[in-house]
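Beneath this line is the structure, given in structure tokens, with notes to follow.
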Amino acid sequence: MLFLKNVPLQNLTTIKIGGRVSFYAEPSDLKEISLCIDFSKSRDIPLFVLGNGSNTIFGDVRGLVVNLKNLKGFKVKEIKGKFFVEAFSGTPLKDLIRFSVKENVKSFYKLLGFPASVGGAVSMNAGAFGVEISDFLKEVYFVDWEGKLQKAKRDELNFSYRKSPFPKLGIVFKVVFEFERSKENILPKYEKIRRIRKEKQPINLPTSGSTFKNPEGNFAGKLLEKAGLKGFRLKNVGFSEKHANFLVNYGGGTFSEVVDLINIAKERVYENFGIVLEEEVKLIESSGSDGWKVLGA
């Protein structure tokens, strides 16, 4: 298992911003995940699980970051017209999207464009165009905080808008999806969503994806745009000119710049509309002796 000290984190997130973490590990199996949990307990430091880093921005952190990128791959069983897909946590979500399009699977293609791992997508209950990844879950295997592998069926787990029981319950190890073939050709709809993503999202700049959750009955992007924040820039970071809810790094952005920008956005939206935006992106930094300070968790 790769295990390092004092590791820079900016290249481990999609926005390419980050400080350093005290310890960093890349486990490849269940035993090594358990060792990471034991290590964090023995040092009395917090542990944070990293997937593809698509909705996470780090400051300087006293703790252990566990990257699950080596836990990847999936296998498929087809039973009576349904696909049961077992995927490890570090599997890129795009690999399953590609499979679902090839097999004409109903609705899963709507999750295209998330640069996330399977475990990360499940942990944040990623969703778009009226579907959430939890809609397709059959069961989840996870490592609890005692280092033991557990299994839970979908109806035993509480998912809601951009929330899941993970990592509170433990570390997602692998999941089983249940897919159903569509009766109609999904390819035109898939291509339409792909065009929308390309036109409306900053695919050519480092980004953390959606910055804020949509308030009930509204859209964060529209509120930010009406508040004059579309294309707004603060030093080396800003909100995309394509989509106001996408935070981008123009090069050399820092964690403190991100925090300042997010605070400005929240203040402006509240002043204009009386709505308090909640972070979807996780901002993680050390907070004295108590370890992590996490916004958007």
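These residue numbers are counts, starting from 1, taken along the chain as shown.
Backbone N, Cα and C atoms are what each Cβ position is placed from, and that goes for glycine too.
According to Swiss-Prot, the protein has these features:
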ACT_SITE  Arg162  active site
ACT_SITE  Ser210  active site, proton donor
ACT_SITE  Glu280  active site
DOMAIN    16-182  domain 'FAD-binding PCMH-type'
Whole-number mean pLDDT, the domain 'FAD-binding PCMH-type' (16-182), equals 95
How many neighbouring Cβ atoms, not counting its own, are there within 10 Å of the Cβ of Glu280 (active site)? 20
Among Arg162, Ser210 [active-site residues], residue with fewest other Cβ within 10 Å: Arg162
As a whole number of Å, the Cα atom of Glu280 (active site) is distant from the Cα atom of the residue listed as 'active site, proton donor' by 7
Could you check what DSSP calls Glu280 (active site) once collapsed to helix, strand or coil? coil
Rounded inter-Cα distance in Å - the residue listed as 'active site, proton donor', Arg162 (active site): 11
